[in-house]
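Worksheet: the structure to be examined is printed underneath.
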Amino acid sequence: MNPLQSQRVLSGMRPTGQLHLGHYHGVLKNWVQLQHQYHCFFFVADWHALTTEYENPQTIAPNIWDMVIDWLAVGIDPEVATLFIQSRVPEHAELHLLLSMITPLSWLERVPTYKDQQQKLKDKNLSTYGFLGYPLLQSADILIYKATQVPVGEDQVPHVEITREVARHFNHLYGYESNYESLVDLAIKKMGKKNAKTYQQLRNKFQEQGDNAALVGAKYLVETQQNLAVQDQERLIDYLEGTGKTILPEPQALLTPAARMPGLDGQKMSKSYGNTITLRDSPDQISRKIKTMPTDPARIRRTDPGNPDKCPVWQFHLIYSNDEIKQWVQTGCRSAHIGCIDCKQPVIEAMQAELQPIRERGEEYTRKNTVREIIDEGSIRAQKVAYQTISEVREAMGLNK
Ligand code: TRP
Ligand code: SF4
């Protein structure tokens, strides 16, 4: 087995409907790569969608299925990655509830997306309990699978950060066995007087002065105690750092290389700007959209020279064209040797070529009508893992009576 398979990657997407080239270049291409390197869980965050769409929840369901088909179309392989819907695994909700008991309000209020989104979506009332809890629900999504890596864009990094804080806080509160202190005392005694004293001194030095050399020394001391059982050694090492047992491991954000996919108007590609090319656009639609794209406004007549830096078409050449074509655009545009129609042609062809296999695979999945089955299976697989974690969490919190 690939050693990285023991690490779990988890990521989710809100069901916003048909995906576009921005999603493909910014997120999905990365997921396709990751699925072969790690054990991946990819899910539809339908509860997260509800935090903003609660007034029109009926829009969510069709978006879910369109989105999953698009995932499959780009090459996410349900045999390799686990695909599911958040609301099919109620363990997310239970963990969210339990975490809400220990999460200070101030941690949620200071997450930057909270105020930003409220500002941005002014037409919606987002002064709700659910919306404030958005990042904590995301923490539950991540921690319920003990994910080690979470591929996200820049904007989501604070959510992974709060997840780490919540996990640390949880472990700190509940990561001790009920008779932890006395077990630690016993283990220390087993080292013999002299070593026990050294251990205590080194521990104090690390805890009070942050002396890392003392930590290393104490660990070494513990690990070289022949007469200590492994459990005792682990206890003593945990006790050194004051962490207790790790029940919920802290995840890492796996920053997706910022492939900023420009839209048809040069702004970031986004459904809300109406400047997208979707993964399902036909060759004709692609061609029409590119042909009507704005270009450098200085090129009023064919004979007016232009500047690619002022033209959104050039942004596409940067993504799709080789050096030779880029050179041809640069000189041709600046000298008015080529027209904008000529210039757009290689972009049209490259996009059509990129989207053709995606569209075909999407159509095949639609025809085979297996999406629901895929999600049923994935949700069951996901739930097995989630159930394991929630059992440990209940146990740690004393709820398994
Ligand atoms: N908040 C994420 C977004 O808007 C979606 C999401 C929900 C998510 N839960 C997650 C992403 C867990 C990564 C991990 O894009
Ligand atoms: Fe833009 Fe190309 Fe026209 Fe220059 S020639 S303005 S780069 S479309």
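Every residue, even glycine, has its Cβ placed from backbone N, Cα and C.
Long-range neighbours of LYS268 (ATP binding site) (same chain, six or more residues apart, CB within less than 8 Å of its CB): GLY22, ARG260, MET261, PRO262. Here TrEMBL flags ARG14, PRO15, THR16, GLY22, HIS23, GLY153, GLU154, ASP155, LYS268, MET269, SER270, LYS271, SER272 as ATP binding site.
The annotation motif ''HIGH' region' is assigned in TrEMBL to 15-23. Residue counts for the motif ''HIGH' region' (15-23) under DSSP (helix as H, G, I; strand as E, B; rest coil) come to 3 helix, 1 strand, 5 coil.
Long-range Cβ proximity for ASP141 (L-tryptophan binding site), meaning a same-chain Cβ under 8 A and a gap of 6 or more residues, is found for LEU10, GLY12, PHE43, ALA45, GLN86, HIS92. Summarising the annotation, TrEMBL assigns L-tryptophan binding site to ASP141.
For 268-272, the entry in TrEMBL reads motif ''KMSKS' region'. For the motif ''KMSKS' region' (268-272), the model gives a mean pLDDT of 91.
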Binding-site residues near ligand 1 among ARG14, THR16, HIS23, ASP141, LYS268, SER272 (Cβ under 6 Å): ARG14, ASP141
The motif ''KMSKS' region' (268-272), counted residue by residue under DSSP: helix, strand, coil: 2 helix, 1 strand, 2 coil
Which of THR16, SER270, SER272, the listed binding-site residues, has fewest other Cβ atoms within 10 Å: SER272
Number of Cβ atoms other than its own within 10 Å, given for ARG14 (ATP binding site): 20
GLU154 (ATP binding site), number of other Cβ atoms within 10 Å: 10
